[in-house]
Amino acid sequence: MHEEEIYTSLQWDIPTSEASQKCPSLSKCPGTWCIVTVISCVVCVGLLAASIFLGIKFSQVSSLVMEQRERLIRQDTALLNLTEWQRNHTLQLKSCQASLQRSLRSGSNCNPCPPNWIQNGKSCYYAFDRWETWNNSKKSCLKEGDSLLQIDSKEEMEFINLSIWKLKGGYEYWVGVFQDGPSGSWFWEDGSSPLSDLLPTDRQLSASQICGYLKDHTLISDNCSNWKYFICEKKAFGSCI
């Protein structure tokens, strides 16, 4: 009986000892994990904030780098365009200088009209000493790059009379005036009408084609198929006027 009481006493003492040993650790564990958890959360939040901050800064730096790159590209393009513009203008300047030098060298020899042609203002004249019909005379002038004489003013008429007659006076010369039918109006080759005081003298011709010629300071009408000398007119070289 005494041994059983001792055994029973031992059995009750063991649980009491284990409980007294476990309780301190159980009371300490929750507080430590809370601190660790809080610290971990703070670290995570800090890392997340740092990551977001660095991401924003990286994006800003990347945008700035791209802007700088685009600006450099634009500047390079503008520099290339400026260089090309300068090169072109340099070439143009050299070309102008060369043209000016050629003009200065040839200025003393510049003649506004071909050899043997007579100049009056912006026109050159030449009296051909071969006979042609009016139409053939017109074609011959076209081959020379000009047209039959067209008299637009009394002053031009006076010049022609004074100049041409000194060389070949007394001849009949076709000019570029014709009549539109036996009783029609008179026209120059360019379609304009002669001045009223420069109309050819009407000879009451019955020919189907009537043209005008110059003789003794007067315009006279005649059959276009008759043969006469003719006078051509062309524009003077503009650079020599």
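Cβ atoms are placed via backbone N, Cα and C, with glycine included.
The annotation disulfide bond is assigned in Swiss-Prot to Cys113-Cys124 (among others). The number of other CB atoms found within 10 A of the CB of Cys113 (disulfide bond), across every protein chain shown, is 18.
The secondary structure of Cys232 (disulfide bond), as reduced to three states from DSSP, is extended strand. Every protein chain considered, the tally of other Cβ atoms within 10 Å of the Cβ of Cys232 (disulfide bond) stands at 26. The annotation disulfide bond is assigned in Swiss-Prot to Cys141-Cys232 (among others) on the grounds of sequence analysis.
Taken from Swiss-Prot, the feature disulfide bond covers Cys211-Cys224 (among others). Counting only same-chain residues six or more apart in sequence, the Cβ atoms lying under 8 angstroms from the Cβ of Cys211 (disulfide bond) belong to Trp134, Trp174, Val177, Phe178, Gln179, Ser221, Asp222, Asn223, Cys224.
What Swiss-Prot lists as domain 'C-type lectin' is 120-233.
Residues annotated as N-linked glycosylation site in Swiss-Prot, with sequence analysis given as evidence: Asn81 (among others). Listed in sequence order, there are no same-chain residues at least 6 apart in sequence whose CB falls under 8 Å from the CB of Asn81 (N-linked glycosylation site).
When secondary structure is read from DSSP and collapsed to three states, Asn88 (N-linked glycosylation site) falls in the helix class. Take the CB of Asn88 (N-linked glycosylation site) and look out to 10 A: across all protein chains shown you find 10 other CB atoms. Among the features that Swiss-Prot reports, N-linked glycosylation site is placed at Asn88 (among others), with the record citing sequence analysis.
Annotated N-linked glycosylation site per Swiss-Prot: Asn135 (among others), in sequence order, evidence recorded as sequence analysis. In the shown protein chains, 14 other C-beta atoms lie within 10 A of the C-beta of Asn135 (N-linked glycosylation site).
The local packing around Asn161 (N-linked glycosylation site), expressed as other Cβ atoms within 10 Å of its Cβ over all shown chains, amounts to 16. DSSP gives Asn161 (N-linked glycosylation site) a helix state. Taken from Swiss-Prot, the feature N-linked glycosylation site covers Asn161 (among others).
The N-linked glycosylation site feature in Swiss-Prot is assigned to Asn223 (among others).
Here Swiss-Prot flags 5-10 as motif 'ITAM-like'.
Per Swiss-Prot, topological domain 'Cytoplasmic' is recorded for 1-34, and the stated evidence type is sequence analysis.
If you look up Swiss-Prot, you'll see 56-241 marked as topological domain 'Extracellular'. Confidence across the topological domain 'Extracellular' (56-241), taken as the mean pLDDT and rounded to a whole number, stands at 85.
What Swiss-Prot records for 35-55 is transmembrane segment, and it gives sequence analysis as the kind of evidence.
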Problem set entry | Neighbourhood of Cys141 (disulfide bond) by C-beta distance under 8 A, where only residues 6 or more apart in the same chain count | Ser147, Leu148, Phe230, Cys232, Glu233
Seminar exercise, completed: Out of the recorded positions Cys124, Asn223, Cys224, the residue with the smallest number of other Cβ atoms within 10 Å is Asn223
For this session: Sort the glycosylation sites Asn88, Asn135, Asn161 by C-alpha distance from Cys113 (disulfide bond) and give me just the closest.
Result: Asn161
Exercise. C-alpha of Asn88 (N-linked glycosylation site) to C-alpha of Cys124 (disulfide bond): distance in Å?
Worked result: 39
